[in-house]
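Feature annotations, reproduced from Swiss-Prot:
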ACT_SITE  H698  active site, proton donor
BINDING   R17, E18, W19, K20, K111, R519, C520, W565, E609  5-methyltetrahydropteroyltri-L-glutamate binding site
BINDING   I435, G436, S437, E488, D603  L-homocysteine binding site
BINDING   I435, G436, S437, E488, D603  L-methionine binding site
BINDING   H645, C647, E669, C730  Zn(2+) binding site
Amino acid sequence: MALHTSNLGYPRIGLQREWKKTLEAFWAQKIDEQQLITTMKEIHLEHLNVQKEKGIDFIPIGDFTYYDHVLDTAYMLGFIPSRFSNFTSYLDIYFAMARGSKDHVASEMTKWFNTNYHYIVPEYEEGLNISLKDNRPLRLYEEAKRELGIDGKPVILGPYTFLKLAKGYTQDQFPTILHKLIAPYVQLLTELHKAGARLIQIDEPIFVSLTKEEMIEAKKLYEAIQKEVPSANLILQTYFDSVEENYTELITFPVSGIGLDFVHGKEGNIKSIVEHGFPAEKTLAIGCIDGRNIWRANLDEVFALFETLKAHIEPKDWIIQPSCSLLHTPVDKTEETHLSPELFDALAFANQKLEELTLIKRGLSEGVNSIEIEITTYRNSHEAVRSSAARNRKDVQTARASLKEEDFSRPLPFEQRYDLQQKALQLPLLPTTTIGSFPQTPEVRQTRKQWRNGEITNEQYEHFIEQETEKWIRHQENIGLDVLVHGEFERTDMVEYFGERLAGFSFTKNGWVQSYGSRCVKPPIIFGDVAFISDMTVKETVYAQSLTNKVVKGMLTGPVTILNWSFVRNDLPRKEVCYQIALALRHEIERLESSGIRIIQVDEPALREGMPLKEKDWDSYIEWAVQSFRLATASVANETQIHTHMCYSNFEDIVDAIRALDADVISIETSRSHGEFIHTLEQTTYEKGIGLGVYDIHSPRVPSKEEMYTIVEQSLKVCNPKYFWINPDCGLKTRRTEEVLPALEHMVEAAKEARTLLKTNA
């Protein structure tokens, strides 16, 4: 029985975000297509070489991309919407699908399962030529072999997951389209096998949440594929949860091996193996290192896991690997020496996780005693973190223990509150607003960098922020928006900003991960107990309000989003960490209210994405997520209007949860998802304030007034005009000023036209 190390995927962005910078240089026409291709090749080969040097036996090939691996698969299989047919080159089509263009709406973008990564949603339409348009995995496999002598492991998104993630077809069409995918996948696998690929990883993360009937359907698909490629060694890879509901079916699939997540699906997967065994003729790939978080492994638990498995099964081979792709972790921790010693020692980024895999292999091969020094070091680092003062704050623990039922509820029900708020705010019908942020121009970023480097004083930086704020208050007034925002020019990131001002958080210098396309984020680390220290947003918001007679919203990030967009300590339940954050935000909201701010927006874009993948686990998550939001917001007066915002989500599953938040107004991404939430509201009612986004801010394209009016018109068929707001999909931080101003002008024009029509029909 052989023992191997493997990786499921490696961060694309590069140690210094070289990947991001190359892409953006190409989009800005600072480099040409050939320079893009050459530089991307160099970055990819460097990533492969790192994994080789770390001792990984099966190095993934095909996880690298120019934008998104799901988009790669869509292009490869010919899922190219007809609206892009006038483009001729691969890159023009590819980036138009991802980002849109002046005349083309981009494909929808949404979260990859319950992670913080976004993928481009494949679109099916009648007449698609579903075929192997480009065998990209083969090209990359041969390149790695030729350039580096690496016999890699091609990684492919599986056909069942791919089609489940796609949109544009009815459920009745699913079996027919699935059948059409057999031929291109057979060709893809045949060519890889003939080229010498000794192992091919097929990712089917959707398998963790399929019904019995769907699993049987998926098995028939793989039987059809295996019949045509019988000698290819396929590893069917699952992750993000267990496969316990369908384990007995999965182990009969006609593949050489199966990969299971023993971190996020540990309990269910162990239970399945203990009860049902594992085929002796198959390889078991064991995801024993957390691919989604940044903490060092608990080696005692890892070796105990292997002892449990060995006691019940004898697979053909063992593969030691992360629980999922390392795409979700930063590249390397070596630059983070500014962190406290106990925190630094407790961290493991992607490169350190690869080292952990080789260490575990050595311990299993040569005996645990051979790595006793390393195990002792790990134990000491875990104990140092556990006993640290940051994780043992009595004030935080006392506040949590003192919570009462009334701390989670507003004094009056929504209808009564909203009437009081309308009297106080005097807003027009269909009020217009934005989601919060305005463009972070090169000047804004450069000035912030100068301030952080000590090149300008605090006073100079604050003066600059005030100038930007005033400029955009005037822009908003001139455009005719009804509720204004200060623009968030002082903030780098909607989570990082608050984490820097709360106790319990730590920050990396280079801990970047990919969010979507070239957009990278640097998640905070929730290391200790979270607590309020002092005002975080009051000064900037009050200043903005002093500049105008119109209402200015206070802008906060909600507790669930801060939790879901951070690397979270793994010694407490997530619910408890979220309650700590909510209590800290409650202080800030009370400070804003006492300073005269009458609308306070608490964004929760990550509420839906944090839901467990299995429906049986939803109720528990929704209960504490909703309670966390209410804990943060419930102490304000009835006249104070609480807003929230969500984006990138399949909201049909959580309409009841959205109601339960008891926010006075919610704004929701609508335009890029092609109006799916409008369809959801046709099936149910939502009698609270709501704004359905009227244009996609993730594309540089400026939509017309007519396009926005159409969305408003559709929305008003399912929403009460009394409670309806008009806004963009999301914040405008990543857009340019010359894109934002005309788009907002068109939005206000659309609102005026809609008001006129409503008054005419009244």
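Including glycine, each Cβ sits where the backbone N, Cα and C put it.
Distribution of Swiss-Prot features across the structure.
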{"residue": "R17", "record": "5-methyltetrahydropteroyltri-L-glutamate binding site", "CB count, 10 Å": "18"}
{"residue": "W19", "record": "5-methyltetrahydropteroyltri-L-glutamate binding site", "CB count, 10 Å": "24"}
{"residue": "K111", "record": "5-methyltetrahydropteroyltri-L-glutamate binding site", "CB count, 10 Å": "22"}
{"residue": "G436", "record": "L-homocysteine binding site", "CB count, 10 Å": "26"}
{"residue": "S437", "record": "L-homocysteine binding site", "CB count, 10 Å": "21"}
{"residue": "E488", "record": "L-homocysteine binding site", "CB count, 10 Å": "24"}
{"residue": "D603", "record": "L-homocysteine binding site", "CB count, 10 Å": "25"}
{"residue": "E669", "record": "Zn(2+) binding site", "CB count, 10 Å": "27"}
{"residue": "H698", "record": "active site, proton donor", "CB count, 10 Å": "24"}
{"residue": "C730", "record": "Zn(2+) binding site", "CB count, 10 Å": "27"}
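Using a 10 angstroms CA-CA radius around D603 (L-homocysteine binding site), the recorded positions that qualify from W19, E609, H645, H698 are H645. Only I435, of the binding-site residues I435, S437, E488, E609, have a C-alpha within 10 angstroms of the C-alpha of H645 (Zn(2+) binding site). Cα distances from W19 (5-methyltetrahydropteroyltri-L-glutamate binding site) to the recorded positions I435, G436, H698 are smallest for H698. Closest by Cα distance to S437 (L-homocysteine binding site), from the recorded positions K111, C647, H698, C730, is C730. As a whole number, the greatest separation of Cα atoms within the L-methionine-binding residue list I435, G436, S437, E488, D603 is 13 Å. Here the Cβ of E609 (5-methyltetrahydropteroyltri-L-glutamate binding site) has 24 other Cβ atoms within 10 Å, regardless of which shown protein chain they belong to. Put simply, of the recorded positions I435, G436, E669, H698, C730, the one whose Cα is nearest the Cα of C520 (5-methyltetrahydropteroyltri-L-glutamate binding site) is H698. Take the Cα of K111 (5-methyltetrahydropteroyltri-L-glutamate binding site) and measure to each of the recorded positions G436, E488, H698: the nearest one is H698.
A distance of 24 Å separates the Cα atom of E609 (5-methyltetrahydropteroyltri-L-glutamate binding site) from that of E488 (L-homocysteine binding site). Of the residues the record lists as binding 5-methyltetrahydropteroyltri-L-glutamate, namely R17, E18, W19, K20, K111, R519, C520, W565, E609, the two whose Cα atoms sit farthest apart are 28 Å from each other. Here the candidates are the binding-site residues R17, I435, G436, E488. The one whose C-alpha lies nearest to that of C730 (Zn(2+) binding site) is I435.
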